[in-house]
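Peer 1: When I checked Swiss-Prot for this same protein, it listed these features:
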{"type": "REGION", "residues": "1-26", "note": "region 'Disordered'"}
{"type": "COMPBIAS", "residues": "10-26", "note": "compositional bias 'Basic and acidic residues'"}
{"type": "DOMAIN", "residues": "193-457", "note": "domain 'SF4 helicase'"}
{"type": "BINDING", "residues": "ALA224, ARG225, PRO226, ALA227, LEU228, GLY229, LYS230, SER231", "note": "ATP binding site"}
Amino acid sequence: MSIAHIGLADGREQGEDRSPERTPPHDLLAEQSALGGMLLSKDAVADVVEVVRGTDFYIPKHEIVYDAILSLYSHGEPTDVITVTDELTKLGELSRAGGAEYLHTLTSLVPTAANAGYYANIVAEKALLRRLVEAGTRITQMGYKAEGEVLDLVNNAQAEIYSVTGTQEVEDYVPLTEAVTVAIDEIEASKHKDGSMTGVPTGFTELDELTNGLHPGQMIIVAARPALGKSTLALDFARAAAIKHDLPTIFFSLEMGRSEIAMRLLSAEATVPLQHMRKGTVDNRDWTTIAATRGRINDAPLYIDDSPNMTLVEIRAKCRRLKQRVGLKMVIIDYLQLMTSGKRVESRQQEVSEFSRALKLLAKELQVPVIALSQLNRGPEQRADKLPALSDLRESGSIEQDADVVVLLHRESAYEKDNPRAGEADLIVAKHRNGPTKTVKVAFQGMYSRFADMAPI
């Protein structure tokens, strides 16, 4: 076996440049031509701004010219050489932009503005390559420094790669005026929706009215004692998002297998008793219903992952991929205490606290609601009314702190067989960072593996 085969060779092809300094990827002519087109036509400006940002230009003066054009365009002003020259002069940037003569040079390089969008794509691709090179350099440095836990380094490396093609880069800080503008835009958008939902629907009318749906960046905790229906409720949320509203959702199951999940989904959607499916005692009419339901839900964008011993690093990596591939809208994890970090920790409480914080950060990074199921300790069973409380969240107080919404699931009939509220459940919204708390009464239809809105009286 040669040195090259075991990875000890230099790795460069013969004749490849061994110079430590290389010019980052860029295309000077494409940058000039895109700007030239923008100076010739407002239509070209619209084409270019869809694919290029100022930071995508490699040549500093090109970014200055682009920003000046964009400023004029956003105010409805002409974007020709004369107006851009005037704008740059007012800003004191004309000399840094190459002067008026350079602006005329840009327009002379392109006979027509028709291809500006094509040139802009080249500029954007080169910028993407530069970000990839920069990310690779940072990952290499992380590997050589080897500071911290290996799995943390792997996660940071994945985040670097995700940032190359992921969400639009933003500054760590923004002025108040920008934050207020975003808030006003959201209020305006809500106004035009005529009171309809702005977040991901849960499928429960009263809960949706309370929360206005589950919102991007939120971490939602659904907690209960064992065998009260946490997984069933989580699947109801998944059904509402993916099947009823076509919103890409991933369900990480660390407890049930994929076939069990699929069977529960079919039972809930087809209204065929789950026990009949398990025993194989479905009749012909039920088979017809199941077949029709399968055809209806087959193409729903619901993704199920039942990988055993799943680590937080793996969950993050899979969510990032789905965000890029299908525009992921919601993440569900069943359940928090079954997750593993894959590394040594001082205590289980510390580990669960890290999971909680990391999931909140994941929700903010991907701008999706993340629903995490959690076990409650034995606190409710020691109370006369058996009602759960926030203090019952198991193994970590940080879960309550990190969560935007905490829903405590309670069924009186689980403790008393002859309870008059058999077939009912309470969704106790014990924490709601952006709104009021409330107890939402729902119907528990255990034979169909689902919760549902209470029937109107």
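From the backbone N, Cα and C atoms, a Cβ is placed for every residue, glycine too.
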Peer 1: Would you pick out, from the binding-site residues ALA224, ALA227, LEU228, the residue whose Cβ has the largest number of other Cβ atoms within 10 Å?
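Peer 2: Selected residue: ALA224.
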Peer 1: Tell me the Cβ neighbour count for PRO226 (ATP binding site), meaning other Cβ atoms within 10 Å of its Cβ, over all protein chains shown.
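Peer 2: A count of 8.
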Peer 1: I want the residues beyond ALA224, ARG225, PRO226, ALA227, LEU228, GLY229, LYS230, SER231 whose C-beta is within 8 angstroms of the mean position of the ATP site's C-beta atoms, in chain order.
Peer 2: LEU409
Peer 1: What does DSSP say about PRO226 (ATP binding site): helix, strand or coil?
Peer 2: coil
Peer 1: Does anything in the same chain, at least 6 positions from LYS230 (ATP binding site), have a Cβ under 8 Å from its Cβ, and if so what?
Peer 2: VAL222, ALA223, ALA224, ASP334, TYR335, LEU373, LEU409
